[in-house]
Amino acid sequence: MSSQKQGEEAMVSSFNDTEHEEKEEVSRDESGFRLKSLLWHGGSVYDAWFSCASNQVAQVLLTLPYSFSQMGMLSGIILQIFYGFLGSWTAYLISVLYVEYRSRKEKENVNFKNHVIQWFEVLDGLLGPTWKAVGLAFNCTFLLFGSVIQLIACASNIYYIDDKFDKRTWTYIFGACCATTVFIPSFHNYRIWSFLGLGMTTYTAWYMTIASLVHGQVDGVAHSGPAKAVLYFTGATNILYTFGGHAVTVEIMHAMWKPQRFKYIYLLATLYVFTLTLPSAAATYWAFGDQLLTHSNAFSLLPRTGWRDAAVILMLIHQFITFGFACTPLYFVWEKVIGMHDTKSILLRAICRLPVVIPIWFFAIIFPFFGPINSAVGALLVTFTVYIIPALAHMLTYRSASARQNAVEKPPVFLPSWTAMYVLNAFIVVWVLVVGFGLGGWASMSNFIKQVDTFGLFAKCYQCPPSAAAKKH
């Protein structure tokens, strides 16, 4: 027991040394720019909370009423809460594995001062190269399509303010705008953006709630969901996607001065997000009912007012921020591949990062299906990236008695048994594999293929009003 205690103390000391080094560096580099430090360089628990809460819901806020129309009010509410807590648990597992990996490496005198730890490196250090390859493939693909979704959402939203251009043209324009995220070095530098981003989603969610209630129910409103199994599981998978935004958990943790304090931050962020997603989705579905089945973006049904235009503009800015959140880990991976990760020049790193944006731009133009693409990504990528792989990795990392005995992080107080943790992790793996990947994959891909058959690839103006769409051709 004494050797274990010494190991834990050494780990804490090592983290504290890193914290002091980073704070001293900020102090030296920015002693004359206190405002710049306040806005630009974050690493506190509060910064991590704002990053998690801001990043967890972006454009998906606008598609949750669409999901409610597919699966009904009761199922929508229950599954939001269920997947919210499920996602918080797997985010906790990721944080535990990060701390375990980092403590082991720092005992070997590995210095991470100029290196950002990523999820695939954690898997490599704890479970070997096969797990590294699997984690890298799923994580990068998910983050790539997560960025694609933000770009599609930008074009979809701006169209409801200015329809002089079709949605494809807006995708070109916003692709160029979002490419400027190459200049943001790391998650340390998202402090002010995370704070503003959460304010923007908060405004939009409560605008949707109040505007729907004030508008009242449309004439002949119907709430027939769930009508078909394919729609039900498509909606369920979009909700799974909503609370699977922790593919950047490791990078957010690494940006903290005390990463070991992250454990419950994602849960606290999720509890706040519930106050945004539940009222807005329920109120919008109550007001418009089955009309949402053919309007995946809630803005398309809400009456145009100054309040709605403000919400659209704020969501556009927030999607720019979320694009950066999703792309930054991809930038890190690319930098490591080409050997530029240790470069201190922001301009040189930005130039090297630009090739990452090109495939994102391309896929956003090919698949402009705002809404259905969320479910497809949720079923095929989120299921493994942020639910199945973390649960399996935790089970395998601590499968031996010695690993459990020497674990840096013991089971939490609310589940103080390794056996109980194994049972919960096994349940997550089976549930998400069968319901999320299996049934969700079948439903979401069926719906996705239907969109391709209806609108075609490279659709110029997806779900635009018929008269407007005709003008664009």
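Every residue, even glycine, has its Cβ placed from backbone N, Cα and C.
Among the features that TrEMBL reports, compositional bias 'Basic and acidic residues' is placed at 17-26. Residues or ranges marked as domain 'Amino acid transporter transmembrane' by TrEMBL: 41-434. Here TrEMBL flags 1-26 as region 'Disordered'. TrEMBL lists 77-99, 136-158, 170-188, 195-218, 230-252, 264-288, 310-334, 346-370, 376-398, 419-443 with the feature transmembrane segment.
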Recorded stretch that, among 136-158, 310-334, 376-398, has the most CB pairs under 8 Å to the transmembrane segment (419-443): 376-398
Annotated stretches the transmembrane segment (170-188) and the transmembrane segment (264-288) touching (3 or more Cβ pairs under 8 Å): no
Touch test for the transmembrane segment (346-370) and the transmembrane segment (264-288), at least 3 Cβ pairs under 8 Å: no
Seg_contact(the transmembrane segment (264-288), the transmembrane segment (376-398)) with at least 3 CB pairs under 8 angstroms, min sep 6: no
Recorded stretch that, among 136-158, 195-218, 230-252, 310-334, has the most CB pairs under 8 Å to the transmembrane segment (376-398): 230-252
Beyond the flanks of the transmembrane segment (136-158) by 6 or more, those residues with Cβ under 8 Å of it: 58-59, 62, 118-120, 167-168, 170-171, 174-175, 177-178, 247-248, 297, 299, 312, 315-316, 319-320, 322-323, 326-327, 329-330, 333, 359-361, 363-364, 367-370, 373-374, 377, 381-382, 384-386, 389, 462-463
Beyond the flanks of the transmembrane segment (195-218) by at least 6 residues, Cβ under 8 Å: 50, 53-55, 57-58, 61-62, 65, 275-277, 279-280, 283-284, 286-289, 291, 298, 302-303, 305, 307-308, 310-311, 314-315, 317-318, 321-322
Within-chain partners of the transmembrane segment (230-252) [C-beta distance under 8 Å, separation at least 6 from its ends]: 48, 51-52, 55-57, 60, 63-64, 66-71, 75-76, 79-80, 83-84, 86-88, 90-91, 94-95, 98, 116-119, 122, 139, 142-143, 146, 186-187, 262, 266, 270, 273, 277, 293, 325-326, 328-329, 332, 371-372, 374-375, 377-379, 382-383, 385-387, 432, 435-436, 439-444, 446-447
